[in-house]
């Protein structure tokens, strides 16, 4: 056998080679800091609430604060190449009764799916409504959506919600207790609900108006 091949064979476990007598021994894997002396892997012993546990609890609590009301469930038809496709459309209003309200629409092949989509859409369209001490709006305001127009006017304590249909649902879930409302134009529940939400989104407090004009709030009260 040539001397070069003999040297190549002797490198395996010969004297002084890796794994041989007097050699450095076989390569070992790096130690795992999470593995104990018995070979078992240590489990985490942190004191945290878990991965995302706190966020889930806060999200669940926020969901329970909102109330959901179905304004309308309607069967709709879409003409496609193969014929007519039937589905359901749900108009949903979501609010916490403390100044937050939203209007959403959902469409699906069944009623339950349409309601779920409507609730999700309404939560994405939440608006903040400024309320005064008697749970009324700070000033008159009007809103529109399509051919529907809604006019809102503040009322004194004990008046109640003078409104009907979808407009009343939006006002109640927003937490308004005393208000006068008038609907003009279209009688569509969806357009009336959106018109009411549009009017509420335009409301402003005295402090906001004073900040925009650069004057103290007392000047607005004197007028």
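Think of each number as a place in line: the chain as shown, counted from 1.
Cβ atoms here come from the backbone N, Cα and C positions, even for glycine.
Features of the protein shown, as given by Swiss-Prot:
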{"type": "REGION", "residues": "1-66", "note": "region 'Disordered'"}
{"type": "COMPBIAS", "residues": "13-22", "note": "compositional bias 'Gly residues'"}
{"type": "COMPBIAS", "residues": "53-66", "note": "compositional bias 'Basic and acidic residues'"}
{"type": "DOMAIN", "residues": "66-129", "note": "domain 'S5 DRBM'"}
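Break the domain 'S5 DRBM' (66-129) down by DSSP state and the numbers are 14 helix, 38 strand, 12 coil.
Per-residue pLDDT, averaged over the domain 'S5 DRBM' (66-129), rounds to 95.
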